[in-house]
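Chemist: Got a structure for you, questions after.
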Ligand SMILES: O=P(O)(O)OC[C@H]1O[C@](O)(CO)[C@@H](O)[C@@H]1O
């Protein structure tokens, strides 16, 4: 049991699943996604990038190859993309999704949506992206990671729960953390297009995967402090169907 310490009376308690290690947490999330697709083969999936979900995607590819699931009628929307990187740039989130998941399953490429980091008018593109999500009928299941500073997608501290898909500036700490994927911090784009917190909160169901002790404080503050702009993931308390899937390390600061 995890006590929702200091949460407001109208907060929804997230479900929390603690797994022995990152591999088990990744497999748990893959199983949940595969089960959801099998229950609704034409579902709309919200997908995340970053280091955290790579093992989950590898597990999903394994299940696809084993004939346990098909994606031919699934539509996907990714959370975010760096501005200035085209989809062929190896550090773009479009490239990541192709190489980690889409190129290995039967999803229709026309039904995979990632914000276009190369859009001529990123503000207009963000509005169009929202319209595309709405036209799809909305996201059925949204996968999230969490940043060390509590960000979800690229909604950095300061983001309100009413934010929509838009252009944002990345914080120096996020740029520094993500520099590990680039040759140097100087190469990390300073701006991105991201779904807003309000956009994310409209998903019917939300799964947040966090692994490693570097995420322990952000996880604890999200689950056990009053929601505030200081920790964007804390706004998830406003959603009635959120599950945090953690490894022991990411769960290690929770008051149990
Ligand atoms: O999984 P990582 O690499 O720790 O990243 C944390 C979060 O930051 C992002 O990279 C920013 O969107 C997310 O993709 C991810 O959920």
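Cβ coordinates are placed from backbone N, Cα and C, and glycine is handled just like the others.
Residues annotated as domain 'Glucosamine/galactosamine-6-phosphate isomerase' in TrEMBL: 22-239. The active site, proton acceptor annotation in TrEMBL covers 80, 151. TrEMBL lists 149, 156 with the feature active site, for ring-opening step.
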Chemist: Given residue 80 (active site, proton acceptor) and residue 149 (active site, for ring-opening step), what distance in Å do their CA atoms have, once rounded to a whole number?
Modeler: 17
Chemist: Going by DSSP, is residue 80 (active site, proton acceptor) part of a helix, a strand, or coil?
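Modeler: Where residue 80 (active site, proton acceptor) sits, the three-state DSSP reduction gives strand.
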Chemist: Residue 156 (active site, for ring-opening step) to residue 149 (active site, for ring-opening step): how many Å between their Cα atoms?
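Modeler: So the Cα of residue 149 (active site, for ring-opening step) lies 8 Å away from that of residue 156 (active site, for ring-opening step).
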